[in-house]
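Comments concern the structure below.
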Amino acid sequence: MAGNEGVYEFAKNLAHEHAQVIPVSVFVAVLCLCFVVGHLLEENRWVNESITAICIGCIAGTIILLVSKGKSSHILRFNEELFFIYLLPPIIFNAGFQVKKKQFFRNFLTILMFGVIGVFISTSIIAVGSWLLFPKLGFVGLNARDYLALGTIFSSTDTVCTLQVLHQDETPLLYSLVFGEGVVNDATSVVLFNAIQKIDVTRISGANGLRVVGDFLYLFFTSTALGIAFGLLAAYALKTLCFGRHSSIREISLMVLLAYLSYMVAELLDLSGILTVFFCGILMSHYAWHNVSESSRITTRHVFAMMSFIAETFIFLYVGMDALDIEKWKITTLSLGDSLGIYSTLLVLILLGRAAFVFPLSAISNYLNRRATGSSSLSFKHQVIIWWAGLIRGAVSIALAFKQFTYSGVTWDPVNATMITNTIIVVLFSTLVFGFLTKPLINYLLPHAATSTLNRKESKDISEDMNLPLLSFDESAETNISRAKDNLSMLMERPVYTIHSYWRRFDDAYMRPIFGGPLANQSTA
């Protein structure tokens, strides 16, 4: 009898193991299909990897729905913790590791305005607009925190489609602005989302608003500082311990683990892991990458890019499957007309919320980055491209929506289910429609000759800024005072480029000798 029970338990455990292995195997097979189809469509710039994954996800979801006789369209159940702990870190770290640092920090002030101030403006417009319009469309049941969270959910951009059309070498200025804003925007949206969860929505006042801003600034700067600390720690360890003399595997492993550890420590300290791992990636690329062997340099770039690529494809594939989640659609109580009204309202608010900050902040950026001749750095056509680039919503929006309106991917509340389906529809529509129109719009607005002229002017101005002298303790006080006046005048005239010039000189004099890397005149990064 005891033997029969043992056999029964063994069979039960084996069946349970198969029940877990089979869905994972099927999902991995579909992932492989995404890579194959993406390769076959490589020359077609109209259909990028995210659109391909979403379409295949929809097809796979339809097949699963038919096989299960309408019960489910899922192979795996989405878990927002899985996204934030395992899928998001490699995506954000690779973004920081692969970024062209010269262009990124040269335009850092503009990127910061778009990615931080812009999120606050967009969040406010989307939250207030939803609060005013949703009840008129017959959709009620959201509280104040839900509306504020809704603002952050739909302020998070996904610039993959635009970046696959823009070329980093041909349009470095626009590429760095779109890329940099996309990463900072995602980080800001998550930080602001977490800050909103802490406020008392029953007593919304000016003091509570200032507290949210204070919490955000604290999270932003402390998370950034933590990422810088981990990046410098990795660089110093690799430089002094010389792992490459014995094994390149150890130095690659150390980079990967320290990067992931930076994210996890930030989350344990209730900081923003996105910001931390992003700046850790920048610092590792700037210093640590130069302290490893040549083979490790090649390997790390491919390994980090591979991990990010798999994670991004995984997310978009699931979004395509989740669009056919019959359970959420059954729970939703709104009529088709009311649902279309909600979708349309959200899309209009996204358009207005982005326009409300891109064009005014571009004017401010042009003023701060003005040349001696007074010409603007961003024309109206470039501003339209930047506006369009941020209209697409993606993985972070999905993850934040699931975090706000579900519990481990499941909800039985009609209001919450409606918000999940709304988010999925907006992500699908913006990715497919806006994504398909990205290439013709950029080709129409951005002739190659104009961008080449802009880039040549950009390079000329930067080389002039690099001639600024630093103060020296070896020279007389009168000379330093005269030099300080000239530097202050240049700082007031062209603040962004002047600060960038000083940082490059400080980096060469103090940082690179300690943490590694070539001097500025030797660097091509």
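Keep in mind that glycine also has a Cβ here, set from the backbone N, Cα and C atoms.
Curation plays no part in TrEMBL annotations; they are all automatic predictions.
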*Choose the correct range: of 165-185, 417-437, which one does TrEMBL annotate as transmembrane segment? Give that range.*
417-437
*With pairs 6 or more apart in sequence, are the transmembrane segment (272-290) and the transmembrane segment (20-41) linked by at least 3 Cβ pairs under 8 Å?*
no
*Long-range neighbours of the transmembrane segment (53-70), counting only residues six or more past its ends (CB under 8 A)*: 30, 33-34, 37-38, 312-313, 316-326, 428, 431-432
*Could you check if the transmembrane segment (111-134) is in contact with the transmembrane segment (341-364), meaning 3+ Cβ pairs under 8 Å among residue pairs at least 6 apart in sequence?*
yes
*Report, as numbers and ranges, which residues of the same chain sit near the transmembrane segment (417-437): CB under 8 Å and 6 or more residues beyond its ends.*
46-48, 50-51, 54, 139, 142, 146, 150, 153-154, 158, 161, 316, 319-320, 322-323, 328-329, 331-334, 339, 342-343, 346-347, 350, 388, 391-394, 397-398, 401-402, 404-406, 411
_Contact between the transmembrane segment (82-99) and the transmembrane segment (341-364) (at least 3 Cβ pairs under 8 Å, separation 6+)_ = no
